[in-house]
Amino acid sequence: MLLLGCIKEVSDYELAISLPNGLSGFVPVTQVSDAYSKLLTKQVAQGELLEELNSLPDMFSPGTLVRCIVTSIEKSDDGRRSVKLSIDPKKVNKGLNSTALAAGMLLSGSVLSVEDHGYLIDIGVPGTHAFLPHQKAKNYIKAAKKGPDLKIGQNLNCLIVEVKNEGRVVCLSIDRSEVAASIATERQKWALSNLLPGLVVKARVQKVAPLGLKLTFLSYFTGIVDFMHMDPEKSMSYSPDQVVKACVLSVHPTSRAVRLTLRPPFLHAGGAPRQLPSQHLGAVLEEATVKAFYKQFGAIFELDDGTLAFARLKHLSKTRKSFKPGAFKEGSKHKCRIIDYSLMDEMCIVSLKHQIIEAQFLQYQDIHTGDVVQGKVLSLKPIGMQVKVADGIRGLVPSLHLSDVILKQPEKKYNIGDEVKCRVLECNPGGKKLILTLKKSLVQSKLPVLSSYEDAKPGLITHGFVVCAREFGCIVKFYNDVKGLVPKNELGSEPISCPEKVFYEGQVLKVMVLKCEPQQERLLLSFRLSSKPGPEDKWKCTPKEKQEVKYQIGEIVDVKILKKKDNGLEVSIFEDEDNVVAWIPTLHLSDFVATSKLLWHCLQEGDVLPRVMYLSDKGEHIILSRKSAVISAVQEEQVVRSFSEIQPGMLLTGYVRNVMPFGVFVEFPFGVTGLAPKVSMSDKFVTDTKDHFVVGQTVIAKVMSIDEEKQRVLLNLKVSECSSGDSAAESFALLNQYFKELKEIRDLLRRGEPSICGLLPGKRVHLVVQDVREDGSALFSDSSVTGLTVTATRYHLGDKNIAPGEKRKALVLHVDALTSEVYVSLREELLKQ
């Protein structure tokens, strides 16, 4: 169905459109135009911002009329319908073909490209090239104030000035005065199959009915004007055979029904409807007078200032049964509340429902950071809980904020439909984003709400929650993403050596502001609320119990390499009077097997390795690990200390101990081991287990079942089963760690093999051809690559014939530091980039 709509709101990803009769719809960013979608795809593929791609707010302004076509109507779980639209000319003008085009026609177009003398416009008609000269766009650009040029993807109201070569070439104008004066006539040969909304026509009144008018236009078309679209000044004075100017509002493809409007702003093509009058959204009106009542649709009210408002039938009473038509006689007065404004009908939409008039919030703008709100649980997901605060207002309680302590199984505490009392952590009405907390200590706090750096005056005491505890201190967050640092010396009245053992993520604490620099968004805080340490200070670090074992599993130590052996490193632990000797197996140097081998290759005796974790003391050695995923799992207590603690469904981080034909044995910190059988090893079909895992590889495993008698644990290693929810964040953290370790290796390589460090993938080098092998690959040499084997495969020589002794330009593709091999390419398309 084709409709005329008016842009209500513009965000980066969609346009909210006001449609006739108080309806609304959305145009996703992918439905603007073909050229714009291609640019979006290109930007995603390249991963960098394109200069020629403008954001939707740069191209569209609220209040602009656009022709739309309905692409789908989606129904949500709560029965609400959402209308998806497209303004792509290919879809909107699909009824037109090149032979039907005539001078004087008005249609939608979108900018395809910017040329020397004007613009190429996509009008969605196959086989037709449409051109807009600069001269015909000058005034429009000046008035639109969106920059010196039209943007690719910009939607325009185009008037055909000239048609050449039987419609294969058309010349357009978007000059506002020419567009406004255009009227659709019989000469333009419009047919029902291609009639477009937005056309202004001369029409004759055929019939006057209580709910509207029937008109004839363009000699043989008939259309309807409903009661909301008659000119409010003349609504009572229409008579048969009267000639009026009208604008096409919608065209239904199957029933062929055409609806029109007689409202003045639409009677000049490209006009703009009036915006919301001075009474704003959410205003409660004590007395609104019924002007007209339509038993199947609703009622039209006149407000104090003379403007009209419409209430749908369902908004006139609490339930269908309690609805009394007799209460809405003309002239009767009612209390109502403005809940919306329909641009297309130039009317406020009101509701007489008691719960809406009394509602605390109607839209995101009514909610402020720090407000305490009642909500209803809609859903529980790994990311958190979705809460309905009011009709059309939803908020998210992140999993960290479901309780004062972190809940492993929130579904045991909360059920869908439960009423919950939350506090607003962050509200962004523009992005319709609402973040809430259910932490009782924050919801019930009587202390001031800290929601901006400007409010953070030295001496202020308030509640905040810990987001990170490390050796340097704690980072504490407040409302609106305001955060500050509690340095180590301000954590308590007595020194705390390991903050990460005393404080946990999500803990709510009272803090005092010491210093704030609002411009730099820097905040210094303290947990010491008074200078005197009180007896009830909770932050005292408990003295270490006398330990029989010198080190405990999970303890972090710094070590110095004593000896390099074939399968690992012999190290001594720092700050240890007894000079305890320990062992780091090569495979425990990193989470990544290839990186482990590289690190072993680069490290030398005498090197210092910081932050290594005590793993076990089985056998003759103390075993240490440097696997960051295993270390963080132990530190975040996502581990099991004994077989009795294991529960099905747990996600545990461990490492492959053995790969057998029937499955993989995985070991976890504290010595617990499990087996992942062949069927549960991978999402792909497993032929050979060795193709999927190698010994020493770090893995996340899900516990499937436990056999207490045989003390056996069965695991699942399928990637689809083993994500804790935020898989994107997990993947980026792993990638980040990988690149960090690569940088460390590069720094270590600089000592012994400086030439290999300078060769990064993507670098251009000049090399001398040394030899061309039988298989077509070539060997190179140069002073900058001494001691390295530099090769290019036959494919990467391109179509060049090369001979020994020639000097060539090449691009580094890959550097293998273990074998001192460098792979390069001479292909032109790579060198050009």
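Cβ atoms are placed via backbone N, Cα and C, with glycine included.
Noted in TrEMBL for the protein shown:
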| type | residues | note |
| --- | --- | --- |
| DOMAIN | 1-88 | domain 'S1 motif' |
| DOMAIN | 104-175 | domain 'S1 motif' |
| DOMAIN | 198-263 | domain 'S1 motif' |
| DOMAIN | 282-353 | domain 'S1 motif' |
| DOMAIN | 370-439 | domain 'S1 motif' |
| DOMAIN | 459-528 | domain 'S1 motif' |
| DOMAIN | 649-718 | domain 'S1 motif' |
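When Cβ-Cβ distances under 8 Å to the domain 'S1 motif' (370-439) are tallied for each of 198-263, 282-353, 459-528, the top count falls to 459-528. According to DSSP, the domain 'S1 motif' (282-353) comprises 7 helix, 36 strand, 29 coil. Summarised by DSSP class, the composition of the domain 'S1 motif' (649-718) is 9 helix, 35 strand, 26 coil. For the domain 'S1 motif' (459-528), the DSSP-based tally of helix, strand and coil residues reads 10 helix, 35 strand, 25 coil.
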